[in-house]
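These notes are about the structure you will find just below.
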Amino acid sequence: MIGIQPVDKIRAAEREFAEANPDVNLMLRAADQVAELAERMVPSGTILVVVGPGNNGGDGLFAARKLVRDGRRQVMVWPVAGTAHPQGVVAARQVGIRFLNDLEVGRLLPDIALVIDGITGIGGRTGLPENVHWFAEMCDVLKIPVLAIDIPSGLAAEDHHRPAHVLAATRTITFAAPKLCHLAQPAASACGDVEVADIGLELPKSNLRQMQRMDVARWWPWPTPYTDKYSRGVLGIDTGSDRYPGAAVLPVTGAVYSGAGMIRFTGPDRLADLILHKLPSVTVGSGRVEAWLVGCGWSEEGAEQRFGPILESGVPLVIDADALRYLPKRLPEGSLLTPHAGELAELLGISRPEVEDDPVGKAYEAAERWETTVLLKGATQYIANPFEKRVTLAIAGPSWTAQAGSGDVLAGICGTLLAAGLPAPKAAALAASVQAMAAARKPGPFPPDVVAQAIPEVLVHLAELADQPVLAGDLTPRSIAAQ
Ligand SMILES: NC(=O)C1=CN([C@@H]2O[C@H](COP(=O)(O)OP(=O)(O)OC[C@H]3O[C@@H](n4cnc5c(N)ncnc54)[C@H](O)[C@@H]3O)[C@@H](O)[C@H]2O)[C@H](O)CC1
């Protein structure tokens, strides 16, 4: 698990560090790491460092000096605000770095091997300074690699929005810990691969975190020689309707391919036949279960009658789709709600854009209101845990999972894990992460049931990795795709 840090905590840690280590210059440490990464990205060629008026620009200027000294290559600086970090400017001038104006930048840009973005960092407000819009567009058109220092300029550290104008990065090097913009979509799509550099800051535990592959490997309920189908967990599934027959098949597919010990399907008989045709290991009819999955594709007719007896069973429930409309005030302990943004808006009596503007806050609000875990689905999936007062981001996958039926499969995976006895926050975080990793193995328009069929491969791979102390390359969807 990696903690996502807000700007005030980073600044406080920086102050504490400075008081305890008056002789250490954090900016130089940051600049050294920027220069090192730049060298790795482009071993030769001219580098243009674009700097703003703040300390982010200071990092850029000291990195420029280091690049000239170590690499003896041409490095140029464009101070976009006219002024820049005074000591940084002196340091850059001392090694003969050339400072450019807008016209010169426009002329020289096609020959630049790498742009280092030091316009704004954690002090940045959303939106790029206007005089840089053309530059961001040219970098994109000319496909010039961009290394962002701390935060790609145009993004705000704690905001998941991606504004119209942003200097999109190929890679971002951030310090001490990731910020929300690095991990939450759509902002994350402007960060490229994100590297977290240790500059010596000590940070407190964060209540906003992101799953890592090692967490999935550690928490997965791996079967042991003592396991049988009952101890692995029996999951009851009541989903689908004549109008939505696929919503019976897809959750069951998710549950089977994520390793449910046994599945009891209690939806309409005609749909049971459909399921058995594809997945003959599923049993039909009621019996003892450890958890229920309800709601996918119920449509409105008869929904309440289906829900009533299942609610009374008292076992933990995964409550998806249509069942979210009939929530009682108190839910069985250990239950999990799995709304998308529209469903969460309906639950809270607000508009969808209000949820999309503040997904962390709204998922948490619903979790507190129903005293239960909420998995908010979308390009970034948020798991709100009201018991430990925190929100976890699942591992992200490719956007191909944005298709009808993905949520049904995800609900099935959640059901497997609840039935296996996992607490709902862990079950939700594992399920969403594993589905994303499966989708990364099938990065194309594969239907959701085919993506589900890739889950066993992901689990085999994770089981091998589970013995290893460190997993390198976490954090970004691209690194997952590389597995
Ligand atoms: N905290 C650390 O761990 C370390 C951080 N370092 C670097 O310092 C920056 C943060 O520097 P700061 O001076 O506080 O802010 P910025 O440089 O990000 O920007 C401030 C500057 O920019 C103007 N501005 C902000 N947004 C916009 C905008 N949208 N349009 C125009 N102008 C904007 C603002 O008004 C200010 O003038 C951090 O990210 C690190 O890179 C250290 O060097 C190492 C330790």
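Indices start at 1 and increase along the chain as displayed.
Cβ from N, Cα, C; glycine included.
All annotation found in TrEMBL is predicted automatically rather than curated by experts.
Fair warning: this is a prediction, and the values are worked out from it, not measured in the lab.
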(6S)-NADPHX site partner of ALA247, HIS340, ASP408 (as recorded in TrEMBL), chosen from GLY287, GLY295, GLY297 | GLY297
Starting from the (6S)-NADPHX site formed by ALA247, GLY297, HIS340, ASP408, give every other residue of that chain whose CB sits within 8 Å of the mean position of their CB atoms, in sequence order.
-> THR239, TYR244, LEU250, PRO251, GLY295, CYS296, ASP320, ALA321, ALA404, GLY405, GLY407, ALA411
Inter-residue Cα distance where the pair is GLY407 (AMP binding site) and GLY297 ((6S)-NADPHX binding site), in Å | 11
Roughly how many angstrom lie between the C-alpha atoms of HIS340 ((6S)-NADPHX binding site) and GLY407 (AMP binding site)?
-> 8
